[in-house]
Amino acid sequence: MSKVQEFQGGSGLDMQPMGSTNMEGMPGEEGGDENKERGNWTGRFDFILSAIGFAVGLGNVWRFPYLCYSNGGGAFLIPYVIMLAVAGLPLFYFELSFGQFANLGPVTIWRASPILKGTGWAMVSISALVCIYYNIIIAWSLYYLFASFNSAVPWRNCDNEWNDLRCRDLTQNTTNATHNVAGNLKAGFNPNPMPCNATITVNCTKYQTPSEQYFDRVVLGYTSYTGVDRKMTEFIGVPQWHVTLCLLLAWILVYVCLVKGIKSSGKVVYFTATFPYVVLIILLVRGATLEGALDGIIFYLKPDFYRLADSKVWSDAAVQIFYSLGVAFGGLMTMASYNRFHNNCYRDALVVAVINCGTSVFAGFVIFSVVGFMAKKTGLAVADVATQGPGLAFIAYPEGLAAMPVAPLWSILFFIMILTLGLDSQFAMMETVLTALADEWPWLKKTFKREALFKMVVCVILFLLGIPICCPGGMYLFTLLNNYSAYYNLFLVSFAELLGVCYVYGIKKFVRDIKMMLGFYPGPYWIGCWMFVTPVMMGFILIFGLTQYGRSSYADEPFTDWGEALAWLMMISTAMFIPGFAIYESCIRGAKEAMQAAAAEAPEWGPAVQKYWPDSRRYQEKLDRLIADREARENAAGLDNGDGSRIDGVDNSGFN
């Protein structure tokens with residue numbers, strides 16, 4: 001008999017099937033905040049849209065389409081869906097359930113098992129690191145958005161002061177007489193006009209598109225106007241003032257939207273979470289009318305089932321699902337912690353996960369319709385035009401937009417979409433950091449003025465930490481943060497949280513908590529994934545990633561030894577919170593059985609709203625003990641507060 005079967009049969013639990021969503025008779029769904037101390041989402045859609053905004057981010061637009069075409073086209077959807085089922089969705093449901101049950105952020109929630117508190121701090125530190133560089137992307141989007149409000153986009157051709165002889169606009173079907181090279185080139189004498197390729201590597205020119213030179217030279221300052229690239233071994237330079245100001249504006253936007261917590265951000269997401277879909281539909285309709293669009297879409301989806309035999313394809317699918325859904329960042333726990341106790345988070349997990357994955361596939365059509373158009377205009381293969389990451393959002397796609405009629409309009413729409421996609425994810429990660437700190441030190445939010453000042457200080461600190469990325473050499477720092485701040489450490493965090501809840505806190509307790517909250521037990525499928533399948537999958541991804549590890553680079557320049565050391569320091573330092581706090585929590589107890597004492601749940605662990613404790617015999621008994629202990633202490637001290645039923649550490653509102 002398997003452990004899952006033994007658990008079902010031996011516990012006497014009447015398990016609902018995987019698809020059960022019986023929520024009849026669940027109280028507390030209407031009215032004001034049931035958790036008076038922390039507050040709740042104003043409406044059900046506040047949470048749904050916030051979760052969609054967090055999960056549906058830039059990776060859905062600039063990473064998934066590239067992975068799909070490079071890993072077998074339509075065949076990639078097979079491992080993608082399988083990894084969603086066995087890794088992504090179980091973790092998504094797990095984190096929503098855990099956060100909603102306790103109404104606590106990712107650090108304080110480990111009252112369930114204090115020895116695992118470092119898992120929460122690891123989540124918070126990862127989210128903070130990502131917030132630093134993620135707002136840089138928002139700053140770039142703002143700069144491009146402002147630059148698009150013109151009669152023509154500034155990266156439309158090679159006739160600008162920042163362009164040099166390497167600039168080549170292939171959208172112009174001409175042959176330059178001076179250079180005898182197809183395309184519109186910067187005027188001037190070039191002694192080596194032939195373009196470099198796989199066979200010609202000397203006495204040739206490595207041409208760049210106008211949008212590439214605009215991004216490298218104007219926006220980043222990585223390349224000087226004379227064509228000299230800044231090396232990683234050189235001083236990173238002084239901050240680019242235009243990017244720094246856009247970064248400041250980005251942090252002001254984040255602060256204004258979060259200053260009132262979920263009451264303000266929950267309303268902003270009604271725009272930021274839905275507007276990207278409006279733009280995606282508009283861009284798809286426009287892209288579908290372009291010449292060559294069908295070639296791009298066929299290239300995107302044409303299946304190559306032989307690729308399924310490659311283990312890297314399965315690893316890429318798992319990693320994409322993991323990042324796309326946003327598990328192990330702490331954001332899901334944080335957002336779910338503001339739900340009402342009886343909210344159907346099981347339904348929400350399914351809805352958000354399906355929308356997220358569907359958006360990834362849909363975005364591929366939008367991207368590759370324009371990529372196909374670019375390939376047709378330039379005479380290049382689709383594979384030579386397609387790219388991922390910032391190169392897609394700020395080089396390849398803007399190049400395609402510049403070739404369209406009324407280019408500024410499409411550019412404005414596209415960068416508003418990038419801006420809103422980035423802001424949604426930034427809101428959730430920042431809320432994770434702020435909620436974790438406020439839950440641990442409640443005095444930070446005792447008054448609105450104090451809370452507003454606290455949030456301002458955090459935003460200012462992260463803004464200052466982001467300024468070095470605004471320097472000409474800052475792209476190296478950006479690449480380090482992008483590649484390493486949330487990679488192997490995320491897998492370790494997810495592994496720790498699953499094993500911690502299933503085997504330290506106890507899977508029996510966890511599923512009974514879910515039954516108490518939702519009205520039904522999670523089915524054997526979910527329990528099997530939480531206990532065995534998903535941890536094994538996390539281990540596979542981690543080990544495979546380590547075996548495939550290679551030194552990162554930017555612009556074909558490998559990172560130096562100190563760069564690699566900094567990358568590993570980021571990953572190791574965040575992961576070290578897990579064993580570090582396990583040792584600390586054990587030591588402060590000072591008992592012989594310190595490890596056991598640190599693993600046991602805290603006395604105040606349970607639903608945040610105390611009126612729900614009597615719904616479970618276990619929590620009713622714990623409540624009786626807490627009240628009896630408090631009364632005994634007060635009697636011994638000769639005190640009487642007149643309300644022995646109030647317990648520290650939980651919201652006592654509504655308790656009878």
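Placement of Cβ uses the backbone N, Cα and C atoms for every residue, glycine included.
Annotations in TrEMBL come from automatic prediction, not curation.
The following features are taken from TrEMBL:
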type	residues	note
BINDING	GLY53, ALA55, VAL56, ASN60, SER324, ASN356, LEU421, ASP424, SER425	Na(+) binding site
DISULFID	CYS158-CYS167	disulfide bond
REGION	1-36	region 'Disordered'
REGION	636-656	region 'Disordered'
TRANSMEM	45-62	transmembrane segment
TRANSMEM	74-94	transmembrane segment
TRANSMEM	121-146	transmembrane segment
TRANSMEM	241-262	transmembrane segment
TRANSMEM	274-301	transmembrane segment
TRANSMEM	321-338	transmembrane segment
TRANSMEM	350-375	transmembrane segment
TRANSMEM	395-421	transmembrane segment
TRANSMEM	453-478	transmembrane segment
TRANSMEM	484-505	transmembrane segment
TRANSMEM	525-545	transmembrane segment
TRANSMEM	565-584	transmembrane segment
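Stretch with the most C-beta contacts under 8 angstroms to the transmembrane segment (395-421), considering only 45-62, 74-94, 484-505: 45-62. Long-range contacts of the transmembrane segment (565-584) within the same chain, counting only residues at least 6 positions beyond its ends with a Cβ under 8 Å from a Cβ of the stretch, are 115-119, 121-122, 125-126, 129, 480-481, 483-485, 487-489, 492-493, 496, 552, 559, 598. For the transmembrane segment (274-301), the list of distant contacts is 49, 56, 65, 68-69, 73-74, 359, 362-377, 382-383, 386, 404, 410, 413-414, 416-417, 420-421: same-chain residues at least six beyond its ends, Cβ to Cβ under 8 Å. As a quick check, the transmembrane segment (484-505) and the transmembrane segment (350-375) miss the bar of 3 or more Cβ pairs under 8 A, pairs 6 or more apart, so the two do not touch. For CYS167 (disulfide bond), the nearest neighbour among the listed binding-site residues (GLY53, VAL56, SER324, LEU421, SER425), judged by C-alpha distance, is LEU421. When Cβ-Cβ distances below 8 Å are used as the criterion, the transmembrane segment (241-262) is approached by residues 39-42, 46, 50, 135-136, 138-140, 142-143, 146, 219-220, 268, 338, 423, 426-427, 430-431, 434, 451-452, 455-456, 459-460, 462-463, 466-467, 470 of the same chain, each at least six residues removed from its ends. The Na(+) site, placed at the center of the C-beta atoms of GLY53, ALA55, VAL56, ASN60, SER324, ASN356, LEU421, ASP424, SER425, has further neighbours from the same chain whose C-beta lies within 8 angstroms: ILE52, PHE54, GLY57, LEU58, GLY59, GLY326, THR359.
Counting residues 6+ beyond its ends, the transmembrane segment (350-375) has Cβ neighbours under 8 Å at 48, 51-52, 55-56, 60-62, 64-65, 68-69, 77, 80-81, 84, 88-89, 92-93, 171, 277, 280, 283-284, 287-288, 290-297, 299-301, 320-321, 324-325, 381-382, 384-386, 392, 396-397, 399-401, 403 in the same chain. A count of other CB atoms within 10 A of each Cβ picks out LEU421 as the most crowded of the recorded positions VAL56, CYS158, CYS167, LEU421. Over all protein chains present, the Cβ of SER425 (Na(+) binding site) has 25 other Cβ atoms lying within 10 Å. Residues within less than 8 Å, Cβ to Cβ, of GLY53 (Na(+) binding site) and separated from it by at least 6 positions along the same chain comprise VAL269, THR272, ALA273, ASP424, SER425, PHE427, ALA428.
Ranking 74-94, 121-146, 321-338, 525-545 by CB pairs under 8 A with the transmembrane segment (453-478) puts 121-146 at the top. Cβ neighbour count for SER324 (Na(+) binding site): 23 (other Cβ atoms within 10 Å of its Cβ, all protein chains included).
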